[in-house]
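Visitor: Per TrEMBL, the features are:
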type	residues	note
DOMAIN	532-624	domain 'DYW'
REPEAT	85-119	repeat 'PPR'
REPEAT	217-251	repeat 'PPR'
REPEAT	318-352	repeat 'PPR'
REPEAT	353-387	repeat 'PPR'
Amino acid sequence: MRKPLKLLPNCLLLYRHTRPYTPTAANPVPAASAVLRDLDLLDAGELAPTPRVYHSFITACAQSKNLEDARKIHAHLASSRFAGDAFLDNSLIHLYCKCGSVLEARKVFDEMRRKDMVSWTSLIAGFAQNDMPAEAIGLLPGMLKGRFKPNGFTFASLLKAAGAYADSGIGRQIHALAVKCGWHEDVYVGSALLDMYARCGKMDMATAVFDKLDSKNGVSWNALISGFARKGDGETALMAFAEMLRSGFEATHFTYSSVFSSIARLGALEQGKWVHAHVIKSRQKLTAFVGNTLLDMYAKSGSMIDARKVFDRVDNKDLVTWNTMLTAFAQYGLGKEAVSHFEEMRKSGVYLNQITFLCILTACSHGGLVKEGKRYFEMMKEYDLEPEIDHYVTVVALLGRAGLLNYALVFIFKMPMEPTAAVWGALLAACRMHRNAKVGQFAADHVFELDPDDTGPPVLLYNIYASTGQWDAAARVRRMMKTTGVKKEPACSWVELENSVHMFVANDDTHPRAEEIYKTWGEISKKIRKEGYVPDMDYVLLRVDDQEREANLQYHSEKLALAFALIEMPAGATIRIMKNIRICGDCHSAFKYISKAFGREVVVRDTNRFHHFSNGSCSCGDYW
C-alpha cells in the first residue's frame with residue numbers, strides 16, 4: 001500500500017530509471033532516421049538553423065517516440081546558439097516525457113536558467129503520464145514557492161496524478177487550490193476533478209462535482225460512468241449511460257468498455273445485448289479494447305455462444321482477448337476446450353504472460369485435468385515466468401479437487417515461499433469436497449493463524465464436520481464462530497426478466513407471486529422425482545430428522561428463482577440464474593433433471609464458476 005503524501009516544500013522527488021526505447025510493430029526503428037538526415041543538412045549549411053526548425057524536429061520525434069533520436073536532437077541543440085532557449089527547453093522536456101525518459105526531462109528542467117509556467121506544467125504532466133504520480137505531486141510545492149500560478153493544464157495533470165495515487169486527501173487539497181485559483185468551474189479541470197474522486201472511490205464527491213459543471217462534455221460523462229463501473233455500482237453506471245445518450249452525447253469506445261464491465265459484474269444479459277446493439281448501430285469497428293469487455297460481458301452473463309462469436313469477430317486480437325476467452329472456458333469448466341485454446345495461443349505466437357498460465361491452470365483445476373495442469377505449471381519456466389502465489393494456490397486446488405490431498409500437502413511444503421492463507425484455504429476447500437476432517441482441521445488452523453478475519457474458513461470447517469456426522473466437533477466450531485462474531489453469508493439468487501431483476505432467498509415468501517412460485521416448484525418436484533431425482537440430504541448440515549432435512553432442501557433460493565423463470569419465460573428460452581455463493585449440491589442434481597424433463601437449458605453463475613445444464617447433464621461434468 002502506498003504511503004500518504006503531504007504537500008510539504010521539502011518534498012523529495014523519487015527518480016526512476018529511464019525506460020528504454022522498445023521497437024514494436026506500430027513503432028519500428030526507421031532504417032535511416034529522417035531526423036539524422038535533417039541534422040546533417042543543418043551541419044552542411046543547407047538548412048538555416050532557427051528555433052522553428054528545431055521545434056519541428058522535436059515535434060516529429062515526439063510523434064515517433066524514438067529516444068535515441070531525441071538525445072541526438074538535444075545534443076545538437078546544446079551545441080548551437082539556441083542552447084538555453086526556454087521555448088526549446090520546454091519542448092525538450094515534453095519530448096523526453098513522450099519517449100518515456102522522465103529522468104532526462106527532469107535533467108533538462110533542472111539545468112534551465114529561467115523556468116516558466118510551461119516548464120513546470122510540462123514536467124508535472126510528464127510524471128503524471130508516465131505513472132509517476134508521487135513525483136508529479138512533489139513538484140507542486142516548488143512551483144508555488146516560485147510564485148507560479150497553476151493553470152488548467154497544470155490542474156488537470158495534478159488531478160490525474162492524485163487519482164492514480166488514489167489519495168483523496170491530496171486530491172482535496174488540489175481541489176481547494178483550484179477553487180482558490182478560479183479553475184474549478186472549467187470543464188476540463190472539472191472533468192479531471194470528477195475522474196480523480198471517482199478513482200479514489202469517492203463517488204459522492206464525484207457526482208457533486210459533475211452536477212455543478214455548467215457545461216458537461218464526453219470526458220466528464222465517461223469519467224462518471226467509469227467511476228461507477230470501478231466502484232461496482234453497475235446499475236447506476238447503466239442509468240448514467242442512458243442519461244448521457246438522452247443528453248445528446250455520443251458514446252465512445254471508453255464509454256462502451258466501462259458499460260460492458262458494469263454489465264459483466266451484474267450478469268444482466270438483456271441489458272448487455274441492448275448496449276451491444278447500440279455499438280452496432282454506431283458503426284464503430286469492434287476493436288480489441290471494446291471487444292475484450294464485450295466478450296467478458298457475454299461470458300459472465302451466461303452466454304458462451306455469444307462470447308465465442310465476439311472472440312472470432314474482434315479485429316487484431318491482443319493478449320487480453322485471448323486471455324479473456326481462456327478465462328471464460330475455465331469458468332464454465334470446459335477444460336478440454338481451454339487446453340485447445342491455449343495450444344492455439346502458443347501456435348499463433350502471441351506472448352504468454354503470468355495471467356495466461358493462471359487461466360489455463362484454473363481451467364485444468366475446474367476440469368480435473370491434473371496431468372495437463374502439472375505440465376503447464378512446469379512450462380512457465382520455458383517462458384521465463386516465475387510462478388506467483390496465485391499459481392501455487394491454483395495447483396493446490398488442482399491436486400486437492402482431484403482427491404490428491406497428500407500430494408497437495410507435499411506441494412505446499414516444497415513451495416519456495418511461505419504459504420499464504422489462500423494456499424491453505426484452497427486445501428481446506430478440497431477437504432470439504434472430499435470430507436477429510438483431519439487434513440481439513442490442519443489446513444484450517446493455518447488459515448485461522450494467517451487470516452483470522454476471514455469468515456469463510458470457519459464455515460467450511462463446520463461443513464466438513466457436519467457432513468461427516470462429527471456433531472460435537474461441528475458444535476465446537478459453531479461456538480468459536482459465535483464467539484468471534486463470524487456469520488455465514490445468507491444465500492440469495494436472482495434472475496433477470498424483461499429488464500427487471502427478481503431476487504430470492506431460501507423459503508422466500510416476499511415475492512408478489514410467492515404462492516404461484518411455491519405451487520410451481522411443487523409440480524416441478526413431482527415431475528423430476530418420477531424421472532429419478534432423489535433429494536440429497538447430505539447437503540442439509542443440521543442435526544434434524546430426515547423429514548425436516550428434506551423440507552429444508554425444497555425451497556432453496558435457486559430453486560425458487562428457477563420456478564419463477566419457468567412461469568414467466570417462453571418455452572425453449574434459456575434460463576440464467578445468478579447466485580452469491582456456491583450452488584447447493586442437491587440443487588445441482590435437481591437442475592440436471594429439470595433440464596431434461598422440461599427441455600430447458602439452465603445456466604447458473606455462482607461465486608466460483610458457471611454451470612450449464614442441458615439434457616440432463618452439466619458442463620462441469622459433476623466435477624466441482
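Quick reminder: no glycine exception, Cβ is built from N, Cα and C everywhere.
Because TrEMBL annotations are produced automatically, they should be read as predictions rather than curated entries.
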Visitor: Within the repeat 'PPR' (353-387), count helix residues (DSSP H, G, I), strand residues (E, B) and coil residues, in that order.
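Guide: For that range the per-state counts are 28 helix, 0 strand, 7 coil.
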Visitor: Per DSSP, what is the residue count of the repeat 'PPR' (217-251) in each of helix, strand and coil?
Guide: 27 helix, 0 strand, 8 coil
Visitor: Excluding the flanking five residues on each side, which residues at least 6 beyond the ends of the repeat 'PPR' (318-352) place their CB within less than 8 Å of a CB in that stretch?
Guide: 288, 291-292, 295-296, 299-300, 304, 307-308, 311, 359-360, 362-364, 366-369, 372, 376, 383, 385, 609-612, 619-621, 623-624
Visitor: Using DSSP, tally how many residues of the repeat 'PPR' (318-352) sit in helix, strand and coil.
Guide: 27 helix, 0 strand, 8 coil
Visitor: Average pLDDT across the repeat 'PPR' (85-119)?
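Guide: Residues in the repeat 'PPR' (85-119) carry a mean pLDDT of 94 in this prediction.
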